[in-house]
Amino acid sequence: MATERAPSLPPEMFSFVLRHGDYSKAGLRLGQLTVQGRSAISTPSLVIPTSRGVIPHITQDTVSKLTRLSAVYVALEDFIERSPSKSPIFRQNPSPPNSKLRDFIALPDQCLSILGPRRIPAIETPNQNSNSSIAICTSVGFQLLNVDDYVQSAQDLGPDITIGPADIVTTKQVSQKRMEKSADRTHAWTRDTLAVEPENKESALFASLPPLEPQRQSFYLSDLTEEYKGQVAGLSTYSAETAASLQNTLEDLPRLCLNNPINPHELLRVIALGNDLVTTPFVTETSENGIAMDFRFAVSYEARNQKLGIDLWDNAHATDVSPLVKGCGCYTCTKHHRAYLHHLLSAKEMLAWTLLQIHNFSIMEDFFEAIRESVRKGTFEEQSKAFARAYDPEMPRPTGEGPRIRGYQMKSVGGGEPKKNRKVYGRLDEQARKLEEAESGIATPEEDVNAKDIEKLGLGEVQN
Amino acid sequence: MSETLGTGKSAALTYELKARCSTSKARASTLHLPHGPVELPIFMPVATQASLKGLTPEQLENTSCRLCLNNTYHLGLKPGQEVLDAIGGAHKLQGWHHNILTDSGGLVLLINSCNTPDFFRSFQMVSLLKLAKITEEGVRFLSPHDGSPMLLTPEHSISLQNSIGSDIIMQLDDVIQTTSPDAARMREAMYRSVRWLDRCIAAHAKPETQNMFCIIQGGLDLDMRRDCCIEMVKRDTPGIAIGGLSGGEAKADFCRVVDTCTGLLPELKPRYVMGIGYPEDIVVAVALGADMFDCVWPTRTARFGNAITKHGVLNLKHARYAQDFGPVEEGCECIICRPNDENDGLAVSRAYIHHLAAKETVGAHLLTMHNVHWMLDLMRRARTAISEDRYPAFARQFFRDYFPGKEPPEWAVDAMKGVGIDLRNST
Ligand SMILES: [Zn+2]
Ligand SMILES: [Zn+2]
């Protein structure tokens with residue numbers, strides 16, 4: 001029935017070709033994802049979660065000129081406030097072939113856009129998802145996003161890829177019963193989504209698979225396999241294991257793991273399980289921690305005790321004019337040095353995070369390139385073992401201050417979270433502290449007060 | 001602009017006068033500095049701690065900036081002189097291949113070098129003045145790091161600036177608020193600044209690669225300013241700054257001081273009015289014969305979501321911009337306003353800046369690029385107008401656009417009248 005109602009995507013709009021990997025069994029694969037208008041993406045590859053539509057700390061021109069990033073993840077909850085339909089992004093008048101989403105956030109052509117309802121990682125919400133809505137967190141507070149509104153919003157905004165709605169439980173402890181309910185709801189939401197004739201056929205749907213063993217969601221999987229094949233362009237998973245447990249179901253669809261692997265070891269595991277695209281929020285976190293990633297996949301089999309990153313807060317770098325990582329070809333390493341990064345961090349200058357993002361994204365792109373190369377050569381397994389032996393199990397612990405965390409991103413349910421922004425001033429009086437804040441770092445609530453003061457003094461606003 | 005009306009040379013700079021306004025005292029010139037030529041009049045963005053609000057040096061370069069400021073006081077604390085010496089100066093520290101100007105470090109102790117709003121100024125005066133004390137030896141203050149007593153002498157200031165390696169360095173001067181009623185203290189400060197200039201010149205280790213500018217002091221007392229000009233011009237520094245302004249004085253007083261000083265300064269040397277300013281201040285000061293300006297305002301204000309445009313400052317955080325999908329300024333050629341099909345423009349809308357303002361660092365970075373570009377473009381247009389001898393018309397048009405539907409401010413009308421420009425003339 002569904003095949004009559006909803007036409008499949010024209011083949012030239014979206015394609016995924018598996019280049020390497022055994023179809024008959026789960027596991028590592030090599031592929032190529034092509035979306036009209038974008039460069040083909042060799043997989044496995046990384047997807048960068050954005051914040052309010054930007055890759056944190058790097059402007060769009062820097063993304064184009066100084067990174068090789070090919071895909072970003074955008075959360076609808078970053079764009080809607082009280083009512084989804086009234087949010088400004090929907091009024092954007094796009095210039096074809098660009099979508100509303102791409103034009104609003106000025107996303108560079110090189111990046112594929114992937115839209116989902118929630119940020120990655122998502123903040124735990126006090127309210128639960130209901131049968132028809134997803135609990136979200138916007139800049140003005142927690143609320144419920146109707147699933148139909150989400151689907152309609154996605155069609156309107158026109159991302160290259162839309163994540164199918166899913167009932168994902170964000171709490172740590174999840175009962176078996178709740179998981180099954182999650183699978184049932186997701187199944188129903190997917191069915192409803194596909195039942196709607198898409199106005200915007202250019203967005204490819206990646207149906208969501210909640211973290212549950214395939215036998216427990218066999219109805220859902222058989223629906224996807226039999227009825228909706230052709231309408232579903234890919235699969236979104238929320239746990240690395242989901243891909244592996246699919247066995248030989250839907251293996252020709254690309255799998256996007258919306259996960260938060262916290263270091264390259266975990267990332268390797270996610271890839272080895274057969275995920276083609278992986279979100280990697282830990283890159284931005286590493287940059288904000290003042291740490292330059294220092295690892296490569298093709299490491300020698302003898303290497304031991306290597307650190308995964310360099311803490312640039314360390315005073316040892318104060319006069320070190322060598323690149324962050326020797327041999328790294330990124331802008332930061334070729335034009336700047338450790339001493340500058342150390343200075344920028346201790347001076348709380350925003351450029352520190354910018355330069356670290358450029359470097360860390362470059363390390364990640366190199367890492368994925370080396371992984372793909374090893375798959376082609378059939379050495380992935382050996383090299384993964386060598387990598388595990390060579391490097392420390394964790395990223396170095398941060399020793400310095402990151403950017404002030406944007407208030408609305410850290411609202412928590414119980415309020416029991418540790419204070420994210422420690423007090424770092426204290427010797428000068430309060431006014432000097434405000435001055436220092438006004439001169440560096442990111443916007444803070446106090447600055448909003450200052451901005452109002454400026455307006456009061458007649459300087460903020462000349463018009464009207 | 002190939003023709004030259006006159007050339008002034010010092011060991012490390014050449015000043016080429018290219019054009020004079022036939023009405024006002026405005027002039028256009030080329031200043032050849034150790035890291036390349038810059039066109040005057042010029043606005044210099046302030047990269048306080050060797051970085052400009054998250055912009056990479058290439059992004060700053062792409063705004064067409066070729067001369068920016070670093071603050072000696074800040075660099076002296078972080079990364080510190082030892083590190084600067086080890087690295088080989090501020091150009092190498094920040095990967096900036098163009099020119100740098102540094103202040104003496106003394107001024108920041110007393111007041112931030114900009115005509116910032118009163119509340120900014122007041123808390124800095126309170127918090128920093130009470131920590132700073134000036135004696136003949138230098139400025140005594142408490143380290144903001146650990147509260148330990150420190151002393152900044154003219155010799156130390158120059159030594160620090162020698163380590164920074166800036167293309168233009170400033171003498172240490174004794175600054176007091178121009179509005180101070182204490183004439184005796186003002187005169188003392190002026191003469192002390194002259195004595196400190198001699199100490200700075202004696203201490204300057206690299207006159208062949210770094211240009212020291214003296215700083216004219218004397219508050220709002222025009223006679224004192226004249227005396228100071230005479231004394232300092234005798235010292236024959238490569239360039240001359242007019243200091244002590246931007247401290248809360250009336251704009252009319254500010255204009256009188258600039259006008260008086262430029263009247264006494266040698267024609268073939270660059271003139272720098274420190275800590276100025278707002279676009280309207282600059283347009284007037286150019287007519288009064290000043291060449292160089294700096295201010296943290298365009299970059300600082302970007303972080304509050306304020307965009308400088310032809311029609312005044314817009315606070316893009318205001319709800320009215322949430323659905324404004326036009327560029328920050330129609331026709332602006334900066335990277336964020338340019339359409340996609342023009343040389344990789346980003347075509348960022350006011351609505352998107354509104355969406356990011358005060359929430360993402362990228363919002364500040366984008367607006368900073370626009371604001372810096374805007375200020376540099378204003379200077380470019382001013383220069384062209386002087387070269388084509390139509391500065392009065394340019395100034396009139398500027399005020400009409402920038403204060404839409406309003407009369408130009410009284411102080412500007414008066415100051416411009418003094419140099420033959422009638423701002424109220426509608427032609
Ligand atoms: Zn690098
Ligand atoms: Zn612009």
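The count begins at 1 with the first shown residue.
Glycine residues also receive a Cβ, built from the backbone N, Cα and C atoms like all the rest.
Some features that TrEMBL has for this protein:
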BINDING   A:C328, A:C330, A:C333, A:H359  Zn(2+) binding site
COMPBIAS  A:426-437  compositional bias 'Basic and acidic residues'
COMPBIAS  A:449-458  compositional bias 'Basic and acidic residues'
DOMAIN    A:28-392  domain 'tRNA-guanine(15) transglycosylase-like'
REGION    A:392-464  region 'Disordered'
Sparsest Cβ surroundings (other CB atoms within 10 Å) among the binding-site residues A:C328, A:C330, A:C333: A:C328
Cβ-based neighbourhood (8 Å from the centroid) of the Zn(2+) site, residues A:C328, A:C330, A:C333, A:H359 excluded: A:A292, A:P323, A:L324, A:V325, A:G329, A:Y331, A:T332, A:T334, A:I358, A:S362, A:I363
Model confidence over the domain 'tRNA-guanine(15) transglycosylase-like' (A:28-392) (mean pLDDT, whole number): 93
Cβ neighbour count within 10 Å of A:H359 (Zn(2+) binding site): 28
